[in-house]
Amino acid sequence: MLQSLAGSSCVRLVEQHRSAWCFALLVLGYLLYLVFGAVVFSSVELPYEDLLRQELGKLKQRFLEEHSCLSEQQLEQFLMRVLEASNYGVSVLSNASGNWNWDFTSSLFFASTVLSTTGYGHTVPLSDGGKAFCIIYSVIGIPFTLLFLTAVVQRIIVYVTRRPVLYFHIRWGFSKQVVAIIHAIVLGFITVSCFFLIPAAIFSVLEDDWNFLESFYFCFISLSTIGLGDYVPGEGYNQKFRELYKIGITCYLLLGLIAMLVVLETFCELHELKKFRKLFYVKKDKEEDQVHIMEHDQLSFSSISDQAASMKDDQKANEPFVTSQSPTSNDSSLNN
């Protein structure tokens, strides 16, 4: 008896705070996912870092042995200066001296990566004025970009997602949920093909040092706005039509970002995902719902009364042969 009462009370407690329990599980799952990623990255990349450090140490020691007139401190100062310039996108290599980072096309590419929050980091402002302008430009430009992308996506999704789903649902009688799922899968496959697979094949041909996996990696890192900056196209010293190539990459990033947002919005409109997201939402209190209903009712009643008053005024205006009589004249006629 007591066990059944305790079990029912526990079940009732869990049902009352269901969203809180789901949110706690979500937080715990996210933290475990972070730890899992850290363990995998550490176990995979740490041996390669160790080998690279050993190789660089051997090269440095061999260079000092071959150039005994150069001290280790002088070499360290030179390497520090070279690495500092490299962080600003300036290379000391002779084959890269012809590539300017701040011509018009490169600046246009930089502006697009800043506003889209991709931020490769291969080119950064050098002057204090450039850094100050970058802050002001980003503060205004990033919300402007979000507004622009939202408006574009909302217009595109009407013709790409909602109307096709309604057409197959109404014209052919298929279930709307099934049609929406199939449509989202097909749209995702088309987007992956047009903005990941095909561009990766093109980049692997245009970039000499990239294979297909590295090109696909660049496409994913760019369109997901991660922007690690380890792979940036158009930076080779023998790149043909570099200005036109940079403009094409800028257009690709903008169109790819719009396509990604359209796909995400399409998946977010699925009924199953909406139900799943509601598990983690905070439910509204009954008092808030009642206040909302009362406000809605007041607005509706006031609008109805305003509409009725305006309709009466219109009716009086449309009756030209009816003369208005004052209350005094009506009273005098009654007395007579």
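Cβ from N, Cα, C; glycine included.
Nobody curates TrEMBL annotations by hand; they come from automatic prediction.
Some features that TrEMBL has for this protein:
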- 321-336: compositional bias 'Polar residues' (COMPBIAS)
- 94-156: domain 'Potassium channel' (DOMAIN)
- 192-268: domain 'Potassium channel' (DOMAIN)
- ASN95: N-linked glycosylation site (CARBOHYD)
- 306-336: region 'Disordered' (REGION)
- 21-44: transmembrane segment (TRANSMEM)
- 135-157: transmembrane segment (TRANSMEM)
- 178-203: transmembrane segment (TRANSMEM)
- 215-232: transmembrane segment (TRANSMEM)
- 244-264: transmembrane segment (TRANSMEM)
_Summarise the domain 'Potassium channel' (94-156) as counts of helix, strand and coil residues per DSSP._
44 helix, 0 strand, 19 coil
_Interface present between the transmembrane segment (244-264) and the transmembrane segment (135-157) (three or more C-beta pairs under 8 A)_ = yes
_Pairs of Cβ atoms less than 8 Å apart decide it: which stretch in 21-44, 178-203, 215-232 has the most with the transmembrane segment (244-264)?_
178-203
*Using DSSP, what's the helix, strand and coil tally for the domain 'Potassium channel' (192-268)?*
54 helix, 0 strand, 23 coil
*So what's the average pLDDT for the domain 'Potassium channel' (192-268)?*
90
